[in-house]
There are 2 protein chains.
Amino acid sequence: MRRLLLSGIAGIALLLGASARAAEDDDLQKAAAQAFKPIPAMVPSVQGNPVTREKIDLGRMLFFDPRISASGILSCNSCHNLAMGGGDNVETSIGHGWQRGGRNSPTVLNSVFNAAQFWDGRAADLRSQATGPIQASVEMAATPAHVMSVLGSIPEYQQRFATAFPGEQAPLSFDNLAKAIEAFEATLITPHSRFDQYLEGNKAILTAQEKQGLKLFMETGCVACHNGINLGGQDYFPFGVVEKPGADILPPGDRGRFQVTRTASDEYVFRAVPLRNVALTAPYFHTGKVWDLEQAVSIMGVSQLGKELNKEEVAAITAFLRTLTGEQPRVELPVLPASTATTPHPEPLAGLPVAAPKPAPAAATATPAAPRQKR
Amino acid sequence: MRRLLLSGIAGIALLLGASARAAEDDDLQKAAAQAFKPIPAMVPSVQGNPVTREKIDLGRMLFFDPRISASGILSCNSCHNLAMGGGDNVETSIGHGWQRGGRNSPTVLNSVFNAAQFWDGRAADLRSQATGPIQASVEMAATPAHVMSVLGSIPEYQQRFATAFPGEQAPLSFDNLAKAIEAFEATLITPHSRFDQYLEGNKAILTAQEKQGLKLFMETGCVACHNGINLGGQDYFPFGVVEKPGADILPPGDRGRFQVTRTASDEYVFRAVPLRNVALTAPYFHTGKVWDLEQAVSIMGVSQLGKELNKEEVAAITAFLRTLTGEQPRVELPVLPASTATTPHPEPLAGLPVAAPKPAPAAATATPAAPRQKR
């Protein structure tokens, strides 16, 4: 009898516990649905630049065409590699003449949802952004004039600009190149991540640890900067609100948004990093000095929140961040039209070391070629 | 009466002329079908390396993965760009540290049909060839050990090697990497060119000028070296049989196949260039010094045949060569698996010039970003 009673009480206790957990689960999901938005399955519209099939196709060609760089070998995809999460997975990018860029290459995936582009938000939109790296001396090092003479020398490009920008007096323009690239980039979205499915109501799709990480992400305050559809990319904040990280991660020479606004309060201010697909975009921070996502999480805890997250907390938050990896866009490599007799040649590469001829063992014809200097 | 007779004679003459031309047409097509072979529509088999779907998919990933280079930014596709005819369309390739390669990048398209690879044929097959640029100090500058530790650190690669090479003790190997790349490259064929359709019996598909060019190509002797399925790629010949071109086009420092065989008769001997898709693969010759296909044709006339081709002949042969452009392969960019905590980082790039921070006008947030040094 007593045993019955006891087991009955235990049963009730269990039920209460379960329902309490369920309620907690509901609250967490509701709170998350408030703070974040899922990536839409459809290509979003772009203000002032209707996204058409013709623009997307043209933009894809331009995104992959290295002839719009001074050297003829660098394209948008060189540093925003669509096979690798839309970045280049190196500390800072290598550009024209093997120069290093000053900051880590941000992913182009879902960038259409950012309020502004670049680490310091100096470009209002993707079409403004697109014109930067093409001209940057350490990136593609080209000029609009060069780009226009390359594209203007290729009939298929002339025709495609005309089709993509119908009724315009001069459809082949640097501005329209930027608009076409923006239209293509608007298609580079990654819906259906596990977190998106969670936001849409599938509470069972996240593990207990991932939910714990989400809870911590919201309660410790990460969400204050990393919210909305991209979990970031919407506003600007100082790197090191509470405690500045080391000079390797935050070098004094790069004062962030101050270099755009010249406003003292913008010193070392950067755009909150969008965290979509963050598991694919190592290394981290504008300097790309941190390769390990867990380390990046603890650094942010200290520098932004003044909180020493313990091992378990860091692991949970990182597990949550890994649920932000969405379906990667499937991109077919364009077939670029051939250059013509009037296409400008790549910048003369005189002065570069040219490989000296090297003897090869006769055996090389039968065995795998050993390291050598020539093709 | 007489008028009738005359018109009758004229009619007969016309008929005779027409049938004579038709007979000539038949002979030309028959002769061409003897000297050349069409590109098959199906992926060819590869000796000692059965081409499977698993190998093709893995090979495509490896072909596009820059993490197998020392810098982490160069892949096979960097110099064999499948968006641009399978080459890079620069004089000689830019590799690790912005060094220039010694020779122009040969197209990878239809390379499976070549008797040997590289300009000097030092690699017997594509799997031998694939191991060269990965290790060449001026190209990807990696080592097999580096490549293996990168791939071994990524579970999806381990699993894909196991699936692509079933039943092997150690499927993840540098040799199997080469075999997977070879299997993918075997799919990079360009069938259905207008010339292929002509070889298959559609005599009407070539214009009179193109047929004239084909006739000249065969009668002046180009066909002696440029024959078979790739119109080249089968045998070795001295560059400058009759008259050596200038040192800019044939620099004395590069003695061609001699560097492989150390045989005096192989001095300045190169593999006859395959002419498939030649209209897409400027600039020309191993030095990449000639951008204009017509100019390349006249140079070959003088250097190889001792014949000054006139303007009309050059134009006709060039028109014929343009019929060799086939259907370009449609390649979907792979989605590469993310690196892990144990994936080696790219070679430290210390010593490279890093872009200095540059002030940006505040206006830049609203207007297209001007040339600058940072992201």
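From the backbone N, Cα and C atoms, a Cβ is placed for every residue, glycine too.
Listed in TrEMBL:
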BINDING   A:C76, A:C79, A:H80, A:H96  heme c 1 binding site
BINDING   A:C222, A:C225, A:H226, A:M300  heme c 2 binding site
COMPBIAS  A:348-375  compositional bias 'Low complexity'
DOMAIN    A:54-185  domain 'Cytochrome c'
DOMAIN    A:208-325  domain 'Cytochrome c'
REGION    A:338-375  region 'Disordered'
SIGNAL    A:1-22  signal peptide
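When the binding-site residues A:C76, A:C79, A:C222, A:C225, A:M300 are compared by the number of other C-beta atoms lying within 10 angstroms of their own C-beta, A:C225 comes out lowest. A:H96 (heme c 1 binding site) sits 33 Å from A:M300 (heme c 2 binding site), taking the CA atoms of both as reference points. The full span of the recorded heme c 1 binding residues, A:C76, A:C79, A:H80, A:H96, taken as their largest Cα to Cα distance, is 15 Å. A simple way to gauge crowding: the CB of A:H80 (heme c 1 binding site) has 23 other CB atoms within 10 angstroms, across all the protein chains here. In this structure, the binding-site residues under consideration are A:H96, A:H226, and the one with the smallest number of other Cβ atoms within 10 Å of its Cβ is A:H96. When every Cα pair among A:C222, A:C225, A:H226, A:M300 is compared, the largest distance found for this heme c 2 site is 12 Å. With A:H80 (heme c 1 binding site) as the anchor, the candidate binding-site residues are A:C222, A:H226, A:M300, and the one with the nearest CA is A:H226. Geometry remark: A:C225 (heme c 2 binding site) versus A:C79 (heme c 1 binding site), CA distance 26 Å. Reported as a whole number, the C-alpha separation between A:M300 (heme c 2 binding site) and A:C79 (heme c 1 binding site) equals 25 Å. Counting only the Cα atoms, the space from A:C222 (heme c 2 binding site) to A:C79 (heme c 1 binding site) is about 28 angstrom.
Those same-chain residues not listed among A:C76, A:C79, A:H80, A:H96 yet with C-beta within 8 angstroms of the centroid of the heme c 1 site C-beta atoms are A:L74, A:S75, A:N77, A:S78, A:D88, A:S93, A:G95, A:S105, A:P133, A:E139, A:M140.
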